Amino acid sequence: MLYPKPETLKPPRTDVLTVSPWLAPIVWEGSFNTEILNNQFRQKGWRVGLTTFAIKKYIRFLKPFIETAEKFFMVGLPVNYYVFTDQASNVTDLNIIVGTGRQIIILEVPSYERWQDVTMRRMQMISDVCQQRFASEVDYLVCVDVDMRFQDHVGVEILSDVFGTLHPAFFVKGRDKFTYERRPESQAYIPEDEGDFYYAGGYFGGKVEEVYKLTNHCHHAMLTDKANNIEAIWHDESYLNSYFLYNKKPTKILSPEYLWNEMDGTAFYLRKIRFIALQKNMAEVRT
Ligand SMILES: CC(=O)N[C@H]1[C@@H](OP(=O)(O)OP(=O)(O)OC[C@H]2O[C@@H](n3ccc(=O)[nH]c3=O)[C@H](O)[C@@H]2O)O[C@H](CO)[C@H](O)[C@@H]1O
Ligand SMILES: [Mn+2]
């Protein structure tokens, strides 16, 4: 196979950090070759599941989410879309068409009154399904928010034992600006001088077994806090950040190309914006 080879010891990107202190690659455009990775992936016969939640009013985001995923997410590879929803028949009525080898699987789940509980309980619901069905149906899981749209290539370069994504609002900020949970009483506590990166709650994944460990850990941390009448400042995102930190976990880190928000403007280091948050009226959509 012919492809552009790396020039001897000359890094393809010098403007951004491409590896963490525990040697997890940070994925940026220009640092990988899709064709090589796709070939490796196909040889292994791996299968990918994309999980998302469309509960209450967030069902309005589902159709454009899947339709744009059809254009940009794991193109040419089999994908199971796992849609967790409290309105299974409304999801069916959306009549979303997906390509050959790809299917939508609807998982009916309860809804919670507070939006904070809806977002946090995703950890419990994902971990519950890991052993029931994910383990036998897919090799890797990608777990993302639904109020998003794909607009450029997202492929197998993101996959690894366990991956996390740099939050677009914090990548260029100093460690002191990270909004980790700072109360020692919380299971999500991270002291002032600790923490490598600030990861987003809305994009993580990995091998099914690792996603099980992650979601199960975060859910139980949340339950312990709940029993002690405390809720981490940014909910599931705070528990995810402490899990990653104390387990030196992500084996791969996705750059903000994989999770962008127009509110964060543009940035010199962004060569692609692959997956972008939709602007929403928070007060309206969460009630
Ligand atoms: C892009 C990103 O990193 N987003 C994170 C961020 O806020 P966001 O403001 O992006 O959170 P959000 O309102 O999008 O809620 C997270 C997700 O929960 C689902 N949902 C939520 C409410 C509801 O009524 N119905 C429903 O289905 C839906 O899939 C949604 O995308 O912080 C949250 C915790 O505070 C979560 O960690 C989000 O993942
Ligand atoms: Mn969101």
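Glycine is no exception: its Cβ is also placed from the backbone N, Cα and C atoms.
The active site, nucleophile feature in TrEMBL is assigned to E237. Feature annotation from TrEMBL assigns UDP-N-acetyl-alpha-D-galactosamine binding site to F53, A54, I55, Y58, D145, V146, D147. The feature Mn(2+) binding site is assigned by TrEMBL to D145, D147.
Where TrEMBL records a feature, it is marked here on the structure.
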| residue | record | Cβ contacts under 8 Å, 6 or more apart |
| --- | --- | --- |
| F53 | UDP-N-acetyl-alpha-D-galactosamine binding site | V83, F84, T85, V109, V118, R122, M125, D145, V146 |
| A54 | UDP-N-acetyl-alpha-D-galactosamine binding site | F61, L62, V83, F84, T85, Q87, V91, V146 |
| I55 | UDP-N-acetyl-alpha-D-galactosamine binding site | F84, T85, D86, V109, S111, Y112, V118 |
| Y58 | UDP-N-acetyl-alpha-D-galactosamine binding site | V146, D147, V285 |
| E237 | active site, nucleophile | Y199, A200, G201, G202 |
Residues among the recorded positions A54, I55, D145, E237 that border ligand 2 - Cβ under 6 angstroms, in sequence order: D145
Cα-Cα distance, maximum over F53, A54, I55, Y58, D145, V146, D147, record's UDP-N-acetyl-alpha-D-galactosamine binders, Å: 11
Secondary structure at F53 (UDP-N-acetyl-alpha-D-galactosamine binding site), reduced by DSSP to three states: strand
